[in-house]
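Take a look at the structure below.
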Amino acid sequence: MNVCRSKKLLSVLFTFSVSISFAQRNQIIPIETQHNVIALQVGNDLRVSTAYFGTKLKDTSEYRFVRQMYRRGDDYSGILNSAYTPAGSRNLVEPAIEVRHANGNTSLDLYFVSSAVEKTDANVSVTNILLRDSAYALEVSLFFKVYYKEDVVEQWTVIRNKEKGNVTLQKYASANLYLTGDQYWLKQFHGDWAKEMQPEVTRLTAGIKVLDTKLGTRAHLYQPPTFMVSLDKPATEDEGKVLLGQLEWSGNFKVDLEVDPLNNLRLIAGINPFASEYTLKPNQQFETPAFVFTFSDKGTGEASRNLHRWARNYKLYDGKGDRMTLLNNWEATFFNFDEPILAGLLKDTKKLGVDLFLLDDGWFGNNYPRNNDRAGLGDWQENVKKLPHGVGFLVREAENNGVKFGIWVEPEMVNPKSDLYLKHPEWVIKQPNRQEHLYRNQLVLDLSNPKVQNFVFGILDTLFTKNPNLAFIKWDCNAVIYNAYSSFLEKQSHLYVDYVKGLYNVLDRVRAKYPKVEMMLCSGGGGRVDYGALKYFNEFWLSDNTDPLERVFIQYEYSYFYPAISHSNHVTDWGKQPLKYRTDVAMMGKLGFDIVVSKLSPKDLEFAQKAVKTYDSIKTIIWQGDMYRLADPRENPYASVMYVNELKDKAVMFNYITSNRYGAGSLSPIKLKGLDPAKKYKIREINIYQESRFGNGSNNSYSGDYLMTVGYNPGVNSNRMSVVLQIEEAK
Ligand code: GLA
């Protein structure tokens, strides 16, 4: 750097720093929810750091003393607790942001410029902290959106290039938290198709543990973007300090959990920088997706309920709204159906008493009929052999039967055996000079290309324009991205990011035009479940694994992060459990069926019909109530979960045997939660297959105090494999 330029820079830095008063320099910026705080501190040197994270104190001025109480060694860099760690200056650990300036220089050092709070309403506010580099015209705004009552924070950043040339973002995290405990315990999830949400708890030790995905379109073939971290010791349902978090992004994510040399936990979450350098032209900015988290010092139960409330109130599409029960034909017919078969299923839908019939995969493609998963994807015209009168006829038939009609699409994908592939090979993500590698015989369309976005929007738009009464969409996404290459993009390293942006662009357009349609998010089971996508979807498909015993476990783990109203659960023929068990399990969310109704025995049919009615009478408690996990099937031979409404005068408790060992069952009472200790409750067994010994329960009424201190025994065992109890205030 020549002398003249460096003098100029020094004078810029000087003017910039003297304009900031002493009070501003040493200020604490408390970002507070009802119970918690992230207390940021502007240092004397104008760097912004985390002074404290956790349960909030009454006197905000005391946050400045917290760090002094720790004698864990020296922080040589002075920025281990940076609020947004820049790479290339004094940093020695994992950065949150790494850039290459227009002149090729890779250093960054960020200083406080200003902060502001904007209140949206009594509950929601956004704190915005502006940081600027001292030597380069690069700005970063840190945003913290606070949902006060729910104890939830969404955090993201905006990075602005004010330089004269292009700036390359090499890493651009959304959040950089700094947690302090004696120990850190991570609960992460992994899995595979039909094995979603397998939990694993490990202690974090010095160094970095990375949770990430590089699959492009979906995270959870291997790992979903959700996790939790407990401080000091693993949190239990009712005890312990725990953070539940996830990146609201449907593509590649990366979470670095670094136990630093001072035994603090640096948590950096954002888009995965893997193969994703992002170029900003002069005056361009990049807004990262939000990292959402909640923190509780009262265990995972409270943390989940906070997250559920937040999701229903602010994030999940129509989170407070209604949902339709349904009959789906995937397991019942797979690809083998035609108009008469579907006409029969529409009658069965009515007979069962559910609201809607959902036609799954296999209804389209003519030159390449979709009779299996090897052909047809991309050709969204009705198959004339299977549906000679089109979807319109089925929608009308459904109406004639007094039910609604929904349909499956997988609009982001293409089979090489399709007209679309032949017509638009340039729309397909694949390397020009390498052999294609298929996932489920298909490839991914290049959603970074606006023409492809139009095409994908057009699939939905055409369906709705032709069939305005179409009431439901199941949006699937099976394939991952192999051979990542876009023939549209100039910069290949933008593909993973621009794919997701393109997807959101399409979903924005779909939602703007079709706000009322119920949409289910599916991805070869639960491959793409995150709040970035759930902003557009009413519900998600948890797993293709509908074996009810497996589902008890899978639903239990999902329940940490997502409210029951978002869980699409179908009764199918998977598993060995009786219909009652399968139905009870599916009721703990949004109930659907995927069975051949005409093959049900008269008794089973009668039970299923009654179950739909019972479900209608309790669904609001399940959907909008508070959820309490009472017994973890990983720790007991049974599982127990209950939902309590806001007034605490109605609750439902679901209990399942999960072991077939001799004598296994609920040998002791299970303590209920969330009731009013002063209220008296009556307990009644519902959804009974046939009158059992317990029948409709006794006439006793119990105080909430009794039920929460002593508990109640649902009498679940190998003869009573699943028991649903309705708990109502005795008036
Ligand atoms: C995916 C979904 C299933 C079903 C099939 C159809 O695997 O998870 O529910 O829709 O696709 O091909």
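Glycine too: its Cβ is placed from the backbone N, Cα and C atoms.
The Cβ neighbour count for D476 (active site, nucleophile), using a 10 Å radius and every protein chain shown, is 23. Annotation comment: TrEMBL describes D476 as active site, nucleophile.
Secondary structure at D544 (active site, proton donor), as computed by DSSP, is coil. Per TrEMBL, active site, proton donor is recorded for D544.
For W193, D360, D361, R440, K474, W475, D476, C477, N478, C522, D544, the entry in TrEMBL reads substrate binding site. In this structure, N478 (substrate binding site) belongs to neither helix nor strand by DSSP; it is coil. Annotation for N478 (substrate binding site): spatial neighbours E410, M413, Y439, R440, Q442, S523, G524, G527, criterion Cβ-Cβ under 8 Å with sequence separation of six or more.
Sequence annotations record features per position, and here TrEMBL assigns domain 'Glycosyl hydrolase family 36 N-terminal' to 49-281.
Residues annotated as domain 'Glycosyl hydrolase family 36 C-terminal' in TrEMBL: 639-719.
The annotation signal peptide is assigned in TrEMBL to 1-23.
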Let's see if you can do this one: DSSP helix, strand and coil counts over the domain 'Glycosyl hydrolase family 36 C-terminal' (639-719), in that order. 6 helix, 28 strand, 47 coil
Using CB under 6 Å from any atom of ligand 1, narrow the recorded positions W193, D361, D476, D544 to the ones that qualify. D361, D476, D544
Let me spell it out: for each of the recorded positions (D361, D544), count the other Cβ atoms within 10 Å of that residue's Cβ, using every protein chain shown. Which one has the most? D361
Cβ proximity for K474 (substrate binding site), under 8 A, sequence spacing 6+, ordered by residue number, returns N328, L358, D360, G406, I407, W408, V409, M519, M520, C522, W541
What is the Cβ neighbour count of W193 (substrate binding site) at a 10 Å cut-off, with all protein chains included? 16
On average, what pLDDT score does this prediction assign to the domain 'Glycosyl hydrolase family 36 C-terminal' (639-719)? 93
Per the record, substrate is bound by W193, D360, D361, R440, K474, W475, D476, C477, N478, C522, D544: how many Å separate the farthest pair of Cα atoms? 19
Closest by Cα to D544 (active site, proton donor), out of the recorded positions W193, D361, D476, is W193
Residue pair W193 (substrate binding site), D476 (active site, nucleophile) - Cα distance, angstrom, rounded: 14
